[in-house]
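Annotated features in Swiss-Prot:
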type	residues	note
DOMAIN	1-94	domain 'HIG1'
TOPO_DOM	1-29	topological domain 'Cytoplasmic'
TOPO_DOM	48-61	topological domain 'Extracellular'
TOPO_DOM	85-99	topological domain 'Cytoplasmic'
TRANSMEM	30-47	transmembrane segment
TRANSMEM	62-84	transmembrane segment
Amino acid sequence: MSANRRWWVPPDDEDCVSEKLLRKTRESPLVPIGLGGCLVVAAYRIYRLRSRGSTKMSIHLIHTRVAAQACAVGAIMLGAVYTMYSDYVKRMAQDAGEK
(Lines of atoms letter the chains of each structure in order from A and count residues from 1; the text may use other names and numbers.)
(Lines give C-alpha, C1' and ligand atoms only; values in the text may rest on other atoms or scores of the structure.)
Protein backbone atom coordinates (compact mmCIF):
# COMPACT_ATOMS: atom_id res chain seq x y z
CA MET A 1 0.00 0.00 0.00
CA SER A 2 1.50 3.37 -0.94
CA ALA A 3 1.46 6.36 1.33
CA ASN A 4 -0.75 9.30 0.54
CA ARG A 5 1.66 12.05 -0.54
CA ARG A 6 -0.68 14.84 0.49
CA TRP A 7 -0.42 13.84 4.15
CA TRP A 8 3.35 13.37 4.39
CA VAL A 9 5.12 15.94 6.56
CA PRO A 10 8.90 15.93 7.09
CA PRO A 11 10.11 15.40 10.66
CA ASP A 12 10.69 18.52 12.74
CA ASP A 13 14.36 17.75 13.37
CA GLU A 14 15.17 17.62 9.64
CA ASP A 15 16.27 20.80 7.92
CA CYS A 16 14.99 21.70 4.50
CA VAL A 17 17.53 22.05 1.71
CA SER A 18 17.86 25.82 1.95
CA GLU A 19 18.38 25.74 5.73
CA LYS A 20 20.99 23.02 5.37
CA LEU A 21 22.78 25.00 2.66
CA LEU A 22 22.80 28.15 4.79
CA ARG A 23 24.08 26.23 7.82
CA LYS A 24 26.89 24.63 5.84
CA THR A 25 27.76 27.99 4.30
CA ARG A 26 28.12 29.50 7.77
CA GLU A 27 30.29 26.58 8.89
CA SER A 28 32.65 26.77 5.90
CA PRO A 29 32.14 29.94 3.86
CA LEU A 30 34.78 29.18 1.24
CA VAL A 31 33.01 26.12 -0.19
CA PRO A 32 30.40 28.21 -2.06
CA ILE A 33 33.21 30.49 -3.23
CA GLY A 34 35.05 27.49 -4.70
CA LEU A 35 31.89 26.24 -6.36
CA GLY A 36 31.20 29.70 -7.75
CA GLY A 37 34.75 29.90 -9.08
CA CYS A 38 34.34 26.56 -10.84
CA LEU A 39 31.07 27.70 -12.39
CA VAL A 40 32.58 31.01 -13.53
CA VAL A 41 35.55 29.25 -15.13
CA ALA A 42 33.29 26.74 -16.86
CA ALA A 43 30.96 29.47 -18.14
CA TYR A 44 33.87 31.56 -19.41
CA ARG A 45 35.51 28.63 -21.15
CA ILE A 46 32.22 27.62 -22.79
CA TYR A 47 31.86 31.21 -23.99
CA ARG A 48 35.42 31.12 -25.36
CA LEU A 49 34.78 27.78 -27.08
CA ARG A 50 33.63 29.57 -30.22
CA SER A 51 36.93 31.38 -30.69
CA ARG A 52 39.34 28.59 -29.76
CA GLY A 53 40.97 28.74 -33.17
CA SER A 54 42.94 25.67 -34.21
CA THR A 55 43.09 24.24 -30.68
CA LYS A 56 41.71 20.72 -30.44
CA MET A 57 38.54 20.22 -28.43
CA SER A 58 40.25 17.80 -26.04
CA ILE A 59 42.97 20.32 -25.21
CA HIS A 60 40.36 23.02 -24.64
CA LEU A 61 38.44 20.74 -22.26
CA ILE A 62 41.62 19.80 -20.39
CA HIS A 63 42.46 23.48 -19.89
CA THR A 64 38.92 24.12 -18.66
CA ARG A 65 39.15 21.26 -16.16
CA VAL A 66 42.54 22.40 -14.87
CA ALA A 67 41.32 25.97 -14.38
CA ALA A 68 38.19 24.80 -12.53
CA GLN A 69 40.25 22.50 -10.32
CA ALA A 70 42.63 25.35 -9.57
CA CYS A 71 39.69 27.41 -8.28
CA ALA A 72 38.51 24.53 -6.11
CA VAL A 73 41.98 23.79 -4.71
CA GLY A 74 42.53 27.50 -4.08
CA ALA A 75 39.31 27.68 -2.08
CA ILE A 76 40.32 24.58 -0.11
CA MET A 77 43.72 26.10 0.66
CA LEU A 78 42.15 29.40 1.74
CA GLY A 79 39.78 27.46 3.98
CA ALA A 80 42.66 25.55 5.56
CA VAL A 81 44.63 28.75 6.16
CA TYR A 82 41.55 30.44 7.63
CA THR A 83 40.92 27.49 9.96
CA MET A 84 44.54 27.37 11.11
CA TYR A 85 44.57 31.12 11.71
CA SER A 86 41.30 31.10 13.65
CA ASP A 87 42.51 28.17 15.78
CA TYR A 88 45.76 30.03 16.44
CA VAL A 89 43.91 33.20 17.47
CA LYS A 90 41.61 31.21 19.79
CA ARG A 91 44.60 29.47 21.38
CA MET A 92 46.41 32.78 21.87
CA ALA A 93 43.29 34.26 23.49
CA GLN A 94 43.02 31.28 25.84
CA ASP A 95 46.72 31.54 26.75
CA ALA A 96 46.33 35.26 27.46
CA GLY A 97 43.26 34.57 29.62
CA GLU A 98 45.10 31.98 31.72
CA LYS A 99 47.98 34.32 32.61
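Placement of Cβ uses the backbone N, Cα and C atoms for every residue, glycine included.
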Tertiary contacts of the transmembrane segment (62-84) (same chain, 6+ residues out, Cβ under 8 Å): 28, 30-31, 33-35, 37-38, 40-42, 45-46
Contact set, same chain, for the topological domain 'Extracellular' (48-61): CB under 8 Å, 6 or more residues outside the stretch: none
Close approaches to the topological domain 'Cytoplasmic' (85-99) from elsewhere in its chain (Cβ under 8 angstroms; 6 or more beyond its ends): none
